[in-house]
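Report on one structure; see the data block that follows.
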Amino acid sequence: MGKALMVLGTSSGAGKSLLVTALCRIFSNLGYDVVPFKSQNMSLNSAPSIEGGEISRAQYLQAIACRKKPSVRFNPILLKPEGNMRSQVIFMGKPIGSVSAKDYMLSRKEELFRKAMKVLDELKERHDLVIIEGAGSPVEINLKDYDIANTRVMLHAKAKGILVTDIDRGGSFASIVGTMELLKPEERDTIIGFVFNKFRGDKSLLEPGFEYLEKRYGKPTLGVIPYVEHRLPEEDSLAEFPKVKGELHIQIIKLPHISNFTDFEPLHWANGVDYVTRPEELKGDVIIIPGSKNTVEDLLWLRENGFEDAIIEAHREGSFVVGICGGFQMLGEKIIDTVESKRGEVKGIGLLPAKTVFEKTKRTNHLNAEVLWEPARGMAVEGYEIRFGRSVSERPFSVIKAINGAKTFEPEGAIGERAFGTYLHGIFHNFAFTERFLNFLRVEKGLEPVSIERWSIEEEIERFAKLVEENIDVERILGELGL
């Protein structure tokens, strides 16, 4: 039977996801057979698993850090918010329904928790170490009785716990004390120490706080991780991207149900992006409509709030328009939807020659494709699809050459006048394509072509893991785990 280590946080955004990612790589580098686990995640950023299911991007990244193929077992329950206090429930990678928060808490949660714990038990049997990520804070008084992602998991797994806090926000010592005081004695006993994340400054200034924590709780500070710029996606971190107007003004519309905005991280690093919330702001060189958890409702929101007219006017004035997944569907001529919104046929924005019909079966696949858009024609790209819709266009953006490694020949996406749309999430992580796309626009604007910096998720994981390893007591953690 393997061991379990759980990372809890004093709040959302404390650094749990990335600390788990780093620990996964650290223990993998030490030769341990390690896997990640999060019983329940609420996120609009998802990715395909090896089984053809859907998991959170955080556990997808952690699987890569473990050198494992991403599996639905690493994130059995995924909640995808739909608005109006409702979420789509995905269990073991497949949608099983849409419920209100109250109904979920009262009806489905316990059943799914039992099933998720069975998955966790199986992971412990098969691997040396399972590193578990908690969710939000483990001691929210109004939610504790319904919480199936934190201390109940830790106690079930007989895991050792690490409590991480974001010191960059301020109040980290108070947050740790408050969390520890609200934990039950048996929960507090599982905590082996504390980690302070995103610290800037002289670490010695924190010593009085460390001494206080050790004296009060008998538990050490295991590490202080310096604040560092990195390119690893932080879960649901849209707010982390400031408005940046580079030499090209790239605007992304912040839809009410925006999903998979990790698609645009390469654009952020290569040029800068501007997330737009008002239609009068739409005057960029590029306007992007991102993916959406509820395509038709977001299309109607664009229409009712003046964005549709602003997009058409900006396009007429020379803006290049791009749609990714749901954004592509919105830019087409029409959508027939009896699945997500059940509104039937809805007129699209009409900038792309495409028609979309929603189907009940969700496609969740890794794709290899060849681009047909003229400035990058013939270029090989890869990405993934997570969608209900099937679109038809006489001018496809690309041809899918392989689905999950199996050869195929399937047109996808659409090309319009100064516009394209694609189902390929991760298209801009193909750096050769992104460089070609940006330079096409730069030359149009009278700017010199540039070479954009290449980087890989693998390199970023290794770099961040090394930083964490240098700043936490790995030997002590190993000792506590009995490894």
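Yeah, the Cβs are placed from backbone N, Cα and C, and that goes for glycine too.
According to Swiss-Prot, the active site, nucleophile annotation covers C325, on the basis of sequence analysis. For C325 (active site, nucleophile), applying a Cβ distance below 8 Å and a minimum sequence separation of six or more within one chain yields S259, N260, P290, G291, S292, E385, I386, R387, T422, Y423, H425.
Using a 10 Å Cβ-Cβ cutoff, H425 (active site) registers 25 neighbours. Annotated active site per Swiss-Prot: H425, in sequence order.
Annotated domain 'GATase cobBQ-type' per Swiss-Prot: 247-433, in sequence order.
Mean predicted confidence for the domain 'GATase cobBQ-type' (247-433): the pLDDT average there is 94.
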